[in-house]
Each structure stands twice: as structure tokens, then as C-alpha cells.
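Novice: Quick one: the structure is below, and I'll ask about it shortly.
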Amino acid sequence: VFLSVLKEVDLHSKTNNTEHHTSEISEEQLIVRRGQPFTLTLKLTQPFNPDLHPLTIIAVTGELPSENVGTKSCFGIPDSVKRSPSAKAVWKVELHKNSSSLTGVLILTITPPAVSPIGEYELSVKHREEETSLATLVVLFNPWCPDDSVFLPDEKERQEYVMNEQGTIYRGSHNYISSMSWDFGQFEDGMVKICLAILDFNCKHFDDPAEDVSARCDPIYVGRVVSAVVNSPDDHGVLEGCWGGPYDDGVLPSHWSGSHTILYRWFTECYPVKYGQCWVFAGVMCSVMRLLGIPCRVVTNFMSAHDSDMNLTIDVYHADYGVEGRETMDSVWNFHVWVEGWMRRPDLADDGKYDGWQVLDPTPQEMSDGLYCCGPAPVKAILNGDTHLKYDVPFVFAEVNADCVDWLVTDGSEVKMSSDTKRVGQNISTKAVGSNERLDITHTYKHKEGGFTCLRLVLHSESSVARPLSINISVQAMKYNGSPAANIQTEVKEETLEPGKGDSSSGWLDTRSFKLLHVNRFKISLSSSVSSRAVHPCPVNVEFLLTSLCVTPSLPNLPPNCRLRIMFSFFPYKAGEKTLVVDFDCSTFRDIKASHTVNVTQY
């Protein structure tokens, strides 16, 4: 209830949010971006005389707000407010020319500085010794503001990396890249509360909430916090990882197709959601970063190394009979997914040398400063091999650049057999701006490798006597994470190398020894029927091409190569380009996905 001096306040939430690119989040709650002015209208019960009764506005955030750390700001009309000499992040206010001091109608233009901590603020006004609450508002990073450290110059990129709620994540292998649609849903209901709760959930906030809230002015700090809280090993964060099953007490990682369900479940149940793998961790983090205003994109590195001992090599040990001898903590995964956030790095160079895209990886792999987090590591530093820089540049450098070294273990000794400098870090991919095409960004991480070279090893005997040869040819399967699997075939040949002659040997692999899983032959398609205007409900046709499936109880059994068509209705509640995603899941075929893009217009 307002005190007698203030009769009414108009936050102009709809207009302000539109101008601040936050209307997709809400049109009722005031959500603004730092470094950009917003407008309030105050109606006083009596005329306004700034010389006799100045107007003071107070903005505070966090539990222990202080001017000295930028979590409290006092400003007013006229700007004669007494504030601490060391006050940081001071807000500004101007009286609009259309204001009427005589009638007490004040139109205020308020600007939070581009270095303000992001988060929820309480705004109050003090006039004639009476202090009255004005509003609760949210301040976000501002990639539209040149003074903000997340400023992104290109509008098309801002629309893609901040405003786009749909995206594509790439998986598979370097020679067979598959794509899946992902619903980031950063503007869904409740996402502001959820994402701000993530910031409050980090260990540093529990230790020193005042310092933590103050540090939220820095996207470097915020990105590191989000990277830690999206996983759960050390802080009961959003997602629990699982790579080997069983998944009976949770959700199969491949089942997820969006972030909002995961984040909402964590927020309401206050417990890590089971289960995620790298692309799920990355998709969730991208949603949080975009909501907070940090431009973000999901990136996939094919043939991704995990260098556990930080020696920039992936060491593989083979027994003298050819099969991989023992497992190590080092591995090469067929793909790994992380995110890139766009921000300046004044902590590394004054000239902006390391500004731009920064790798942030929420998948819990190795600890960094005592927490399972990774980054931000400048992509430019990775490209140039500046592995002495923070944060976690050596680890990410190895993921895309490590050498794969094969060792032969025999009689207790290790002999280096070969070193492959090109295997790791291939086809590094992200979604292109404004389209669903794949954009290859390998060149931003690695300088172009040399041309292809064909190497041939020829055995030639210079001995005057014949030499017996024992030739071992072994073929071994490898799991998607680089660990050895079953031995497919081993062939040992005993031959003789004649004096002064060369020799070569070949082996044959029986194709009946291995096969392609049937799941890779399963096809699913999604088609939509939508008029130029959104119709409620919208009919959608879904078609399945089946090799063998039994549907009960309402449909008969389906023979091979038959189609099942399902029609259903849904109600679109937002206009714009949207992506429909269908996920088919059963005990035999897990999470076969397809997607289709439609344009929903206002009715």
C-alpha cells in the first residue's frame, strides 16, 4: 500500500520489455537490460518541487546490499544524493520533458549501468522522508549495448544466439553426422525464477552471498557458475550424468528434446534430474545463458579427446598380441558437446585479443578450482595454443588437438609405435545463423592441417640369412567413448623374410563378424498441416515407417514396411517460427526423433 505522498506508479512493463527485447519472457513483470534506459511514471498526491523536496530512488539486490560492491545504488532528482565515495554501479535517472511538476506527474527515465550485477532488484522511492516500494524488477545482460561486456554487434547473431528458442545439436561420428532439434525454451513460463535460482544455488553464494551477488556483474563469473550448477556431483545441481546405465530410476538421456522440462523439474523437486549426457548438459546450459542475456551456442567436437593427465596426449597401450592391453583414464569419444558464450576477456588482455567466443562445458569431467566446471576458455587462445591462460584452456586444447600415441607393451617395457596428430578434433559443428544448416567452425579452434600423406612401411631384409616373421593382425571394436570392446578377429601368420627381399602381408575381415544395429534403419517422419493463420487446434500428421512393431490394444499388428499414421491436435500459444519435435520410444527402438519447422502467426 502506497503512503500518502505517492498515489500511483505505472511501470510500463509491456512497452519497456518490448524495447529491452524481453517481452518474450513476460509482458507483466518488468524485465530490463543493463545499460539501457526504461521508463516509469509516478503520480504524487501534491506538486513536485525538487529544490524543497528532492526525489531519491534506491535500487538494491541480494541479501546484504552495499554501494561499495555495486549491489545498492542511491540516485535521484536532482542528483544531489549523498552516496559512498567508493560507490560502484551507480544508476541514473532523468525527468522526462513531458512531466508535470505542478500536477505531480513525473515521467522518469532510469538507466542501470552496463556494469550492474544482474538479478532481481527492489526499487523504492524516498520523498518527503517517506520511503515507498515501487517495483520488483529483473536486470539482465545486454548484448545490444556497446558498453556491456557481452555486446554482440550483429543483429542476426543476436536473434540467433539470444532470442532463438529452438536449435540443433549435432551428434554421431565425424564421418556420419546426425542432427537433432532441441527446444531451449528460455522464454517459457518460470524461466526467470529458475535461472536466478541457479545463480543462488552455487557454492560461493552459500559461503559469501554478498560477494557472490556483486560478482554477477561479470559474465565470466556467471558463465563459470552456470557451468558448475548445471551438473550435480558437488552441488546437487540441475542434472545427474549417467553414461553406462541402468536408467530405470530416471529418464534415458536420449529421451530429452528440450531444456524447460528438466529445469522445471529441478526447480520444483529441488533434486538433480536423472539423467543427462553431454548434449543434454550443453542444451540446458545454453538455455540458461540465453535467458540471462549472454549470447550462447551449442558446439559439437567430433573425435573429442579427454586428456586426464594433462600431458596433451591420448595414450593407448597394446599388448604384444595386438589387442588393446589396458584401459587408461585417457579416451577419445566419437563426439562431445559443450557451449560457447560470447563475452569480453579484459582479465586476459587489454587489447581485446581474447574477446569473443568462450568455451564453457557443464559436463562433469574434471575439477577446476575445486568444482566440476570448465571455462570460460577463449577459442582464440585454443587456436593459438596459449595454454597458460585461464580458464581450463589446456584441457579444452587437448580435446581438439591432442596427439593419439600408441604404445606396445611387451616384457614389462613400453615402446612407442605411432603418433596420430590429426585424429582428434574433427568437424567441430554448430547451427548456422538463421538456418538449420550445419556450420563447421573447426578453423576457429585449429589451424588447417597439412595435406594428406600416404605412408607405406616396407620390410626389407639386409641379412644374408632368412628371418622368421610372426605377423599379428587384430581387429577390435571400440565403444563410443573410446574404451575397448570385444575383439572381432585375430589372425596370426608365420612367414619367412628371405635375404635381400621385401615382404608384405594382407588379411581379410569376414563381414559376418559384425553388423549395423537395426535401430539405424528405423525411419520416422513428421509433417504438419498449418494454415497461414494459427488455427486452434492445429492438426498434425505423424508417419512411421516400421520394420516390425506391435501396437496394442487399439491397433492391429503391423507387418514390415507398413506405415502407422497418427493425428493429434495442439494449441500454439506463441507466434513466430516454431519447431515441432516428435520422439518415438519403445523398448526396442529408443528415442527416434524427427522435427519440422512451422510459422505460427497471430490469429
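Just so you know, the numbers here start at 1 and follow the chain as drawn.
Placement of Cβ uses the backbone N, Cα and C atoms for every residue, glycine included.
Just so you know, TrEMBL annotations never went through curation; they're auto-generated.
Annotations for this protein, taken from TrEMBL, read as follows:
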- 270-364: domain 'Transglutaminase-like' (DOMAIN)
- Cys278: active site (ACT_SITE)
- His336: active site (ACT_SITE)
- Asp361: active site (ACT_SITE)
Novice: Count the residues of the domain 'Transglutaminase-like' (270-364) that DSSP assigns to helix (H, G, I), to strand (E, B) and to coil, and report the three numbers in that order.
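Specialist: Across the domain 'Transglutaminase-like' (270-364), DSSP assigns the residues as follows: 15 helix, 43 strand, 37 coil.
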Novice: For the C-alpha pair, I'd like the distance in angstrom between Asp361 (active site) and Cys278 (active site), rounded off.
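Specialist: Rounded to the nearest whole number, the Cα-Cα distance is 9 Å.
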Novice: Between His336 (active site) and Cys278 (active site), find the distance joining the two CA atoms and give it rounded to the nearest Å.
Specialist: 6
Novice: Select one residue from Cys278, His336, Asp361: among these active-site residues, choose the one with the most other Cβ atoms within 10 Å of its Cβ.
Specialist: Asp361
Novice: Within the domain 'Transglutaminase-like' (270-364) only, compute the mean pLDDT.
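Specialist: Here the mean pLDDT over the domain 'Transglutaminase-like' (270-364) amounts to 92.
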